[in-house]
Structures are given as structure tokens and as C-alpha cells.
């Protein structure tokens, strides 16, 4: 591995570095040696993460070596150990001059990035270096906890308190193993990210969360999301020691926003009301226990609660006073009331919250929240109590003495504003009859906001903790002067790095007018003018003809993009673009993003197409880190400047705050004006979007700025330094087309790319081009397996994994099965309901021609979906179901005379082959071992524990649901519920899936011999129901399963509703909407509380008022889980007077019930009366 010396430090680098990489590493080492803060910008594609890691770790090793040299020198008393290498040449630059230094003084490296997915990429890069430091990655319980009881909780802070309770009582088996496993040699020496930690925890049955905290003590490098570092509460919770540490913020263009948000809060009426409700419940509980303790002379009956009832009452009084004080302000409906930051102390003092009382109140809130969170049964919202505790920590930070308290309060609030405004969310507090309740709860309340307007507040807090230095780095920090000005701390070292590309690889043009001569502008007064939208549509349509392959079009906001696209559709512009490059539109929600982006990649890779157009928004998901390398992003069009919403109260107050600070002219401090900050926000978002186009040394592309406001010299100065030299300004659109065409003709000749290959593998697999990573230049000698892997696009994009085509085939021919996670949009493909569906999937993917057609159809259909932006996407974002038309088979079905058993085995084999292709060998072996254990022991818990690894990544959710086919009938419902809980989507469970083969045969036999159906069912309905369970039909897989459902052999009519749907429809028809709502509410409550008695009381009262509703009571058993099934059937048997089993009662319409139902005998009525009288006595 090549090495180079920078500032006296020897750095091992995976390949000979570029000049810009040497410059970058030199600046990093300068920051570390001189204890100076640095702000370093290096364009995307220059390998800045690798440079940052290598330079930092090389300096740390040099620091350690220098300490060793000093100690040796002390032992030798001035003599030289090596005559040719005097001790003085070993260097002292790494350590702190003449100050005595020890091994314990070697600084820890705290490496922070925006998200865990970005940290996973950083850790992946670390594995490609020659350095092997002890590392630790910090995460939340949400990501690291593997205790299923804790993870079932709905609220994050409830999980926190339940976890703490289990740890304090040592009732968590995973936590109890932490001390033993934390010294495991393989663990300490390994470089693990969050996913690896969870795998290790599941394998060794040890808590990954506390394991990571244990590893932190000995770690050389600690990785964490940067909100853990900037939020004082998170920093205390994770016990992060900053004294002497080197702090690195990667992807730091978002640090400013995170700094402000981590020290701000919004207290809504709903928060206060929920806190009062929670305290009310505790007061009632404690008063009852106090009564019992008086009667029995017991001091206390509750466990764990260390506050008395008087303290609880005081907390409630504080909450009521707080509610009254906030609502006492008469707020103008639009603007709200703004006060200086110091006002927060005045307001809280009115509710008896001061520096003197804050500790007692905070500890009481923590006790109450922990006690309520640990209670079993119905979920209680304690988020309001938790928010108040967080507010106390934030506002009353520090422990000043009486004389310094006023100064501390001034310092704490200098960068803040208090804003009181109307609550427009309309959260209604449940009306209470409590005499303590404030009258303000009956009206629309106010929101108390405490907003930070300077990221410097958090940065200065870090400096005050004694850090050695802070390094901020990103690809888009320009303009650096304004960025550093916002941070309020000195940055002595700065760098605006050049790119690794040549002049012929980038084209930058400012397009002032469209083809029709109309000025292009997204300014507020022009953005929706028809002539402006038409001119922009013509511009994009014409550019799409001359830009090859993939084209990215960024809009300032979602509303502007949606209205513009609607105009283009109505006036033919969309058709012009679609005919050349099919259009794909970034959705607002996360649910369909992967499907749309995969459709775009498919279309760009299609050799028969001219590429695709992806429409997105600045600051959206597509602009913040997705990799559009090579053909996926040959051009970026910016349609306007994405200024923040100017009428937003927070934006208005931010600008006012900056203007106030500028007018003060504090010596040594320079503030941006409000208008300068406003412009900076827009250009930083533009620069981030621009960074999508050039991703490595051999990439090339065009950047087109389609807004006349870019032509000003001030605007051009805001662009990245590597872009500015290449900017051209055009007044004539014809010249743009001429120059862009010429640019791509030359670029394609000088840098030809591998011709596209048809998508010949299954499931529309995307063939990613063999992109060259910036970290590995051509001709590099570092061509080992792990460095080659880093070149793959999917290495840098775990969320968009794409399998390489035509890989080596194994002896068993598995190379033909290449799965892309959640590759098909069709619901039947994504969520196989039974063994047959997966077998049919295998049949679909059998031939190369079919795959090419299916892949093309999928890309076309996705393009239509995304272009329309229709109701289906909105429905899914609201949690609704998507209605997706199933695509018919492209080939005639192969022979159907295969036995059911054979087809089942074939489908399982296909599924396992797909899973093996998609998972690492370690994970695949774990799943197989779990399946074998499940087969032997029939223990579903073992399978669920091991399969939980598939729920960690949305890309593997379909594999988790695919395991449904391997689960035995009596476990299918539970497995379906678990999938719903873990992934938000079930496996398509139906009641008949729980029937064993013998039960199905018995059911068919009974239907054949029965002359009269049970409980008044006609024979036609009974036969129809049995036909649905015909196992021969299920195994052969007729077309009826894919299109219209099973047919009635006697009547030929299609069964349009499944059993639960038919039942619910009959219930509404029989008992009316109001009572149906009561029933549904009881079912939902039962799911949460598992209170069987409450459910049965409601069900019996609704279904026994009329004789003809008795059948509904019997059929309701389909909703009863196995643990209560027997109890329910015994109760029904007692009421009816005869034995009734759930399996004996198929779905029947009310008309059929009326034809054959008869009144229950009189003794049934007597038993009903007896049942209710017993319930009342209870």
C-alpha cells in the first residue's frame, strides 16, 4: 500500500493519491497538530471520506509513536538508540510540545455524520484501509435493542424507561451478558457498524445497545449521528466525553440546521393535556393504594415509585398553571407574539419552575414517567411529561451560583426567541370532569415555541467541553465565509478543494430564456405564469433530446413541481418529454420512492431506450446523497432558486435575529444579514443538487441553470469553486443546444462507456455500469477483491442494491435466480400468499425474452405512475392500500399436472435460492439453521428471533414475508402479525391458511356428505365455501387465483369478498353503523390490551339482541386468536346449546342466513340472561 509523508506524518493510502487528496489530507493534519478548527470543502467524487480517515488515523499513530520515543529517550538518558537516526528526528509535532504526555492522553476521534446509513458507508471505507483501530458505533435503542418485549412498545421514550427498568432489576437476559461478552477478542478487534452489532447481539444473546456503550470506553474512534453530539440531552444520555477529543463532522452542510433544532422546542396544548391526563391516572392509582394501605397498615403497595402523592399533586398543579399561562396570551391569528429569549425564565417562574426548583421537578417527572411506562396493559401517552423534563434540562442548563445566575440566564438565551402562536393542528384534549381542570382546555390553545437562531450556541458548547479541534467537511459548504460566520467559533484552517476532473468533463450553462424567448424565472411573481411554465417545458423537452441517457430535473419545492407538471400534461409538454425520455417523479413519501427510482434505473439501462428523466426537488431525498453516476446522471437541470418559505414565522424571526445581531456590531464578531442568510440557504440547496452529476474521475455531465437570476455576479459567486471556472451565460437558446450537443459528442468519443446490456435476469434486475470510484484511479495497483468491491455503485448505495448480471453460476445453476429486493411492483409478486404464488413467480422468470419484456413493461408502467402523481401515491402516504393491476403472463403456462407436493418443494427451493443470492453467507446460514430448528422443535420463537435480521433493512422485508410459506398452518396467523409489526405489511393471512391438510380434507368430506348445512346455511353456500378450500385447485394454481378468486362450481358466480370482509359487511347490515363502530372499537382495544372479558361482553351484547344475529356470534370466532379460541367456543356452545366450531361456520350472506336460520330454543335465552347476570355480579 503506497505511503506518503505530510507535515512529518506518514500516511498509508490505498493508492497513489491525487494532488487534491494530498492537499485535503495536509489540511486535516494541520488542524490536528495545531489544535485548530477547520472547515474543508472537497467535491463529491474526490474521495474525501477515505482521505479524512487515513489522515486522522495516521496522525493518531504518529502521536502514539512520539510518546513512545519520548519514553525511550528518558530511559536512555540522552544516548542515541540508533546512531544513524537521532531521537530528535522522530518528531514532536504530534504531541503538545514540552508538555508531558502519556498514552492515556492520546485523543479519541469522534466521527459524526448525518445518518447511520452514511456512517455505514464510512465504516465500509475504513475496512479498505490498512488501519485497524478499535471502533465503536453509537445508536439508539430503536436501532440496537433486541429485547422483543421492549421493541413492541409504541413510543420511543416508553422503550427507554422500560429498558432502564429491566436493566436496574437485571431482568433482561441480553443485558446480563454484556459484561462477559464485551471483552470478546473477536468483537474488540472487529470493525462493526450498527447492522453488524445487531447480528452479533442476536448470535451471542447480548444487548447491542449496552455493548456499544461498553466498547466506547476503549474505542479509538467513535462513530455517531451528529445529533447525538449536538443535542445536550443525547450527549448526557450516551455519556460522551469530549475533553481532548478530535470532533469531525462529515456531510456538515446540515450541521447548522441540526444545531438549531437540537436546542429548540415547541410545547403544544396536546403535550400539556396528555401530561395532565397521565398524572391524573397516577393520582387516582395512588389514592386507591393509600386507602388500602391505611386499612391494612401497610406502608406502601406500589413498587419503584419514589415520590409521594403530594409531589404528584404539585406536578399536576405546575402543568395546570403552565397551560393557563400559555393560553392567557391573546394571540393574533396570523403573526403570533414574539419575546426575547430571556422571557422564557419569566414565564416558567410564574408556574414555579426556577433554578432552585428545577432539580426536584425534573427528578419527579422522571420517576412518574418511568413508573407509568413500566405498567403493563393499555398504552398510556407519557410524551408530554417527557417533553417537559427535556425542556427543564434545556432551559436550566448549567449550575450557576446565586450571584452568577442572571449572567448565566443572559448567556443561555442570547441566541433564542420565545414565540407564542395559535395551535392549528386542532388536537383536542379529552374533556374531563376533574375540578382541577382549567377552563382553557375547552378552547383552542396556544403553542409555546423556544427557538434557537444560531448554530454557534451548540458549537460554543462543544468548545467549552474542551475538545482538541473541530473539523467540518462536506462537498457543499460554499460560500465558506458565510458558513463559518454562522458557527460563531474561529476556523483557522479552511480549504475549497478543486475537483479531479478535466475541463472537457463538465459543461455549465446559465439559460436566461427559453426556446420561445420568454425569460425563465421561479420568482414568486412569475413561477405560475402560463408563459413561464410553457417556456420551461419547451426548454426541458429540447434539452432531453440532446442530453444522453439519464437526466435529472430539480424544482425548488414539491408544490411548484406538481403544478408545473400538471400544466405540462395539460398542454402537451409532458408528452414531448415522455416520448424521448420517460418521466419519473420523486414522491413525497418514502413508501414508493424505491420503486420509482428503480424504474428510472431500469429505463436508463434499457438498450432500446434513450434514457429517462427524473424529476425531484432540492433538499429532497434524491438531492441528498443518492449516487447518479455515469449514465444515470448525464445532465442536471436546476429550474429555480429554492428559497425558504418567506412567510414562515421561524424564517421571519431568523432573519430579524440576524439583522439585530448585525446592527450591534460586536467587536471581533461578524454576522450575516437576514437577506444574506436567506440567499445562502437557497444556493446551498442548489449546490447539493449540482453535486449529483459528477461522481468520479472518469464521469462527465452537464449542469444547466434555468433561471435568469443565476446570471448575476453575486449568484455565480455562490456556486462551488470547482464549478465557477466553467460557467457560460447564454441569451440565445439555439447556442445552448449547439454547445451541449458538441460537448456530449466530444465526451462520448474521449470517454466511451460500455454498451448497455439487456435486462435478461429475473424480476427486472438492474445491470449497474462498471463505474470507477473516485477512490481508485485507473491503473491503480490496488485491485484486490475488497477494493474492487468499493467500485460498485451499490457499495456506496446500500438502499439501492442492484445485483450484477451474468455472474459465475454455481454447480446447482442458481445463477439464473437473481433477486432484487422488492423488485416487482405487483402486489402478488411482493407479498406471496402461499406456495403457489412463488412457484408462479419462478415460472414468470424462466426465460430471457420474457424478462426483457417484463422489465420494459415495469419501467414504462412506473413512469406512468410517477408522472400522473395520482391518488394511489397519496393513498399510500396516508396508509391506504394501493390497487395495482396484475400483469398477465407473457408465456403460456408450463405443464400443470405437477403434484401439489412437488410444486411446493420447487417453490421453496426457488425462494431459498433467491434468498441465498440476496443475503450474506453468514445471514443465510443463520436463517437455514433456524428453519431446521423450527422443523424439529416446532418453536416459532426461534425462527422469529433469527429472522428478525430481515426486518432491519426495508430491502429485505420481502424475504421476511417470503418465509411465510415455510411456516406451519397453526403458526401462520402469528407470523403474519409479527411481519405486520416489524415491516408494516402482513403476509396476506386468511383464516383458511390456519387449517391443516387433514382439517381441509375433513371439511371437504363433511361438505360432500352433509344434507343440511349447519346453522341455517343453504347447500349452495356450503359447497361454495368448501370449493374455496379445494387443495387440488390450490396446488394446481388455476388462473382464478390470480384474477377473480375461486369460482362456485354450482352457480358459477365469483366470490367477490373474502371471509372477514363478508363478515364485516354482514355485521354492518345486521346491527347498523353505530353498533358496528362499537364492535370495531372493542376489537382495536382488544388488540392493545388483550382483555378478552371486555371484548366478549361487547360482542355478546351486540349479537344476541335478535335471534337472526346469532350466526354472527358464531362466525366472530375468526377474529379470536388461538390462545382464547377454546374459551370463546365453550362460551358460544353454552349460549347456543349445541357444539359449534369455528371451522363449521363459513362466511354466509345475511340472505342465506335468513333462509335457513331458526330461532334458538328458549333455554338459550335463559343462558344469555344467566351470562349477563354473572357479568354484572363480577
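Just so it is clear, glycine is given a Cβ too, placed from its N, Cα and C backbone atoms.
Database features, via TrEMBL:
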type     : residues           : note
DOMAIN   : 7-299              : domain 'Helicase ATP-binding'
BINDING  : 145, 163, 172, 207 : [4Fe-4S] cluster binding site
REGION   : 771-795            : region 'Disordered'
COMPBIAS : 773-785            : compositional bias 'Low complexity'
REGION   : 1143-1178          : region 'Disordered'
COMPBIAS : 1155-1178          : compositional bias 'Polar residues'
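In the structure as shown, the Cβ atom of residue 145 ([4Fe-4S] cluster binding site) sits within 10 Å of 26 other Cβ atoms. What surrounds the [4Fe-4S] cluster site, by Cβ distance within 8 Å of the Cβ centroid and not counting 145, 163, 172, 207, is the set 141, 146, 147, 150, 166, 167, 174, 175, 209, 210 from the same chain. With the fewest other Cβ atoms inside 10 Å of its Cβ, the least crowded of the binding-site residues 172, 207 in this structure is 172. Cβ neighbour count for residue 163 ([4Fe-4S] cluster binding site) (all protein chains, 10 Å cutoff from its Cβ): 23.
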